[in-house]
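For 48-68, 75-94, 114-133, 154-174, 194-217, 273-291, 325-342, 354-374, 610-631, 643-664, the entry in TrEMBL reads transmembrane segment.
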Amino acid sequence: PSCFGYPLSIFFIIINEFCERFSYYGMRAVLVLYFKYFLQWDDNLSTAIYHTFVALCYLTPILGAIIADSWLGKFLTIVSLSIVYTVGQAVMAVSSINDLTDDNRDGSPDNLSLHIGLSMTGLILIALGTGGIKPCVSAFGGDQFGDNQEKQRSRFFSIFYLSINAGSLLSTIITPILRAQECGIHSKQRCYPLAFGVPAALMAISLVVFIAGSGMYKKVRPQGNVMVQVFKCIGFAIKNRFRHRSKEFPKREHWLDWASEKYDKRLIAQTKMVLKVLFLYIPLPMFWALFDQQGSRWTLQATTMDGNFVAIRIQPDQMQTVNPILIIIMVPVVDAVIYPLIKKCKINFTPLRKITVGMFLASLAFVAAALVQVQIDKTLPVFPAAEESQIKIINLGIDDVTVQFEPHLQSVKVTSMESTGYMTFMTSELQSVHITSGNKAKDEAISFLGGERHTIGIQSNETTILTEWLFDKVTSKPDEGNNLIRFINNLPEAINVTMGETSFGTVMPLSASNYSLFPGGRKYDIMVMRNVIPCSVVSEELKFGSAYTIVVNECTAEKLNVVYSEDIPPNTVHMAWQIPQYFILTCAEVVFSVTGLEFSYSQAPSNMKAVLQAGWLLTVAVGNIIVLIVAGASKLSEQWAEYVLFAALLLAVCIIFAIMAYFYTYVDPNEVEDQLDEEEKKQAKKDQVCEKQYETVSQM
């Protein structure tokens, strides 16, 4: 059955691909944040495991192709590995259920190793599934067309690529929204089970849709895998060359010619063409090393930025959508506008030159990321080192106070209801403070452990100076753009404080509550009960990633007077500053990725396309392994320096590639094939003549 001249079966394949890509990219979008916030890993471990997973996803296609071509056929390979894939996604969703091990119901899992074990099992199954079916689905789609449907087949591949990007775009928008929801049985937290559960459901739908079309598919029998043949041919040539290494054997034109004793001329000629292209692939992994950091380092960079876009709040993991949105816009623009313009300028923009430009642009994108990181670093608070202590002063009285840190370290004057920033001291040097206000004075001895932050609240009345030392347990910026809030009671009686839905309980005079977390980008109602008199005020709008101490100064039936003291400044660098680096990297992808596949296909014999596809996917896997090695070995403490290091490495590789490309000569595989056909015909004629001569001789 057909529809608009297309086989009906391909609509099932396209829907299947859309659901599968939605499932994969949706899960991958929230993965690095799941590692960081749920499994409580640091940035480096989260990045390392993320890239290990992506590398695995690109190593398994080779396995999938061999299973499909040599053993099960494409249809059965897709079905069986999709089942593995669906199970993996389901295990991943289960691994993120907090209530699974949260026996004390405090909102964080008690047995992290169980969650880690489950999620690693899930990821391995997903890598096997997604990688294994990757080379089969597009080829299976291609198999559905007859020889007279070339035009429809090439249109199918365009629609197929579009469905990949549509799935990726939608899932990268939707799953972060699901993740940001609050859910849980006993306590509420980020909804990772939903963010992983929806991709799992879509994978199941993808599998059902694919099986539903079973009766309509053209199923080509497995015809043995070319890849295995190529490896055997190369292996035999090396072995044979090694056996005949002494000088008495004449040299051969190419080392692969040493396989001619066992393999036919055609296979050897085709393998030579493939190896020529694969040699050019050697520098390419460096591009993917940078490109795939969008999902790890760049997403972590976005967590330290301000995601308020007027009326919309953008999640850090949603910034990745900039890439598929731009791809959908850029591919037609580059093809229809930019390439023709370059042609008009009489520039010969060959495929290898395009790839070189792509690498250069990706390197530039990382320079842009480094510049943004430098701006972010300026806004990040400096926390005390192990041998340091930080002290902040809040003046809660009506008179000015002067605080002298002894012995003769620093003197600070603080006006009424004002506060200082954190001052850093060597813990070993700090002995006492001398506080004066008007004609009153007070001395206090100090003894701190080091590596800590403290706040001193000072209240001076007519006769004495009162002090309250607060230990600030916060040693990092609040995660995910949340804000930390605590209250100081500057009234003579105890008060009860509530902000939004959160109760801070009873706060005694001249004491502070503990910090509580509040999502940014909104205002909250502050409610204070003083001797059964309620008073309330609406808070200032909270930004992202800040911490505040709010001092309650006055509470009457008419009004509540509060003063804000900033403990940690909010994220002030806007997420929109990431758009330039995404734009440059997407331009790089358009000229690099699309051209790379096209070039490989144009330089390879028809039956070797799968080998080059595997080689291309292998460059992605190696690229992700490079991230692990560079990020692990560089030991750079500054994130911007790591970005610059990657940019420099890619620039160096780009120069090497440009030199390799300069010496590359383009071939036309069809011409080579025709030549081989001619030679085979001549050989056949020769054989016939010889046979006739032999018959004639034997008859005599």
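A Cβ is built for glycine as well, from the same backbone N, Cα and C atoms used for every other residue.
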May I ask whether the transmembrane segment (114-133) has at least three C-beta pairs under 8 Å with the transmembrane segment (48-68), counting pairs 6 or more apart in sequence?
yes
Taking contact to mean 3 or more CB pairs closer than 8 A (sequence separation of 6 or more), are the transmembrane segment (610-631) and the transmembrane segment (194-217) in contact?
no
Lying 6 or more residues past either end of the transmembrane segment (114-133) yet within Cβ distance under 8 Å of it, the residues of that chain are 20, 24, 27, 34, 38-39, 53, 56-61, 63-64, 67, 77-78, 81-82, 84-92, 94-96, 100-101
In terms of Cβ proximity under 8 Å, which residues at least six beyond the ends of the transmembrane segment (325-342) contact it?
162, 165-166, 169, 349, 582-583, 586-587, 589-591, 594
Counting only residues 6 or more past its boundaries, what in the same chain has a CB within less than 8 Å of a CB in the transmembrane segment (194-217)?
1, 7-9, 11-13, 15-17, 19-20, 22-24, 26-27, 30, 34, 75, 78-79, 82-83, 85-86, 89-90, 92-93, 95-96, 140, 144, 171, 174-176, 178-179, 181, 183
